[in-house]
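S.K.: In case it helps, TrEMBL gives these features for our protein:
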ACT_SITE  Ser234  active site, nucleophile
ACT_SITE  His295  active site
DOMAIN    166-311  domain 'Peptidase S54 rhomboid'
TRANSMEM  199-223  transmembrane segment
TRANSMEM  230-250  transmembrane segment
TRANSMEM  292-310  transmembrane segment
TRANSMEM  322-343  transmembrane segment
Amino acid sequence: QLDPENTGFIGVETFASLVHSHELPLDPAKLDMLVALAQGNDEGQVCYQELVDLISSKRSSSFKRAIANGQRALPRDVLLDETGLGIYKRFVRYVAYEILPCEMDRRWYFYQHRTCPPPVFMAAVTLTQIIVFLCYGARLNKWVLQTYHPEYMKSPLVYHPGHRARAWRFLTYMFMHVGLEQLGFNALLQLMIGVPLEMVHGILRISFLYLAGVLAGSLTVSITDMRAPLVGGSGGVYALCSAHLANVVMVSQGTRGHRKGNRGWMAFSEVGRAVWLRFSPPLPASGPQPSFMAHLAGAIVGISMGLTILRSYEESLQDQCGWWVLLLSYGTFLLFAVFWNIFAYDLL
């Protein structure tokens, strides 16, 4: 009745009177966004499809482009001006400002955030790593530099070139750690960065990014450091951290640079420590110490593939050409690394 020509649009005044007369229970924040869209329209009209996207908590690409280009603006102030929030909503706002560099994305995430599903992936990985570390620490009675214990390197979880035929080791090494320092560093970053990232981007994207970094780390070590074993989840941790830092640098408006800088220095210091342990171990060792190449491989995965994932907040990855190019590149690397592990060791 309101759109007899079936154009998909009605006037904003007509829509406002409809909402008022029927007392529709619309979310005030979403209603403000819809009015902002109508204000950005030359004819001041409300689009039916945009209404459907808002009600279903899905944002169209045209909506995001219009906001990003400054053609439309939301009428409310920034989230920092929101008052009377509970503890959990303040935490959600904190996550929005830590993870999303764009004010529009922050507000959208804040208003459409749901507690279910919870960020269980990073928490489960961290808990498993702690349990495994405690088990080996109690068994070996050694809590620092555990790799110097010969029984530790015999674990079925550690990656070692001599056991590369056991394919599960290319992933399970992420549950093993050199000692308290490495475990503490990885667990801290996984909880400080990984959990907020999972809250914003979802379990599928973040788990894929983390595991891609872990797998790239072990395969890179198998190619570049062919005699060294590998332990720790640094490949996945650096994939998350580098993707997040790169995303913040690429879209730097409204970021909290001092916190990101501190994390960058923490990452550099951890890489330096890993290099030192690899080439100048503090104790005599019977063989090569764990490689540091997983750190670099994880960082490369994060800057390339992870940057695309994080910049595509609330958008489908399947619709982006760059995503398929990166996925093809990663698949090519995996195939090359697999063939390398099958043939190169015997030839070299």
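Glycine is no exception: its Cβ is also placed from the backbone N, Cα and C atoms.
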S.K.: In angstrom units, rounded to an integer, how far apart are the Cα atoms of His295 (active site) and Ser234 (active site, nucleophile)?
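M.R.: About 6 Å separate the Cα atoms of these two residues.
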S.K.: Short question: most Cβ pairs under 8 Å with the transmembrane segment (230-250), which of 199-223, 292-310, 322-343?
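M.R.: That would be 292-310.
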S.K.: Cβ under 8 Å to the transmembrane segment (199-223), counting only same-chain residues 6 or more beyond its ends: which ones?
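M.R.: Distal contacts: 92, 95-96, 99-100, 109, 113, 117, 119-122, 125, 159, 161, 164, 169-171, 173-174, 230, 233-240, 243, 291, 293-298, 300-302, 305-306, 309-310, 313, 317, 330, 333-334, 337-338, 340-341, 344.
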S.K.: Which number gives the other C-beta atoms within 10 angstroms of the C-beta of the residue listed as 'active site, nucleophile', all protein chains shown included?
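M.R.: So the number of other Cβ atoms within 10 Å of the residue listed as 'active site, nucleophile' is 32.
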S.K.: Just counting, how many other CB atoms are there within 10 A of the CB of His295 (active site)?
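M.R.: Around His295 (active site), other Cβ atoms within 10 Å: 24.
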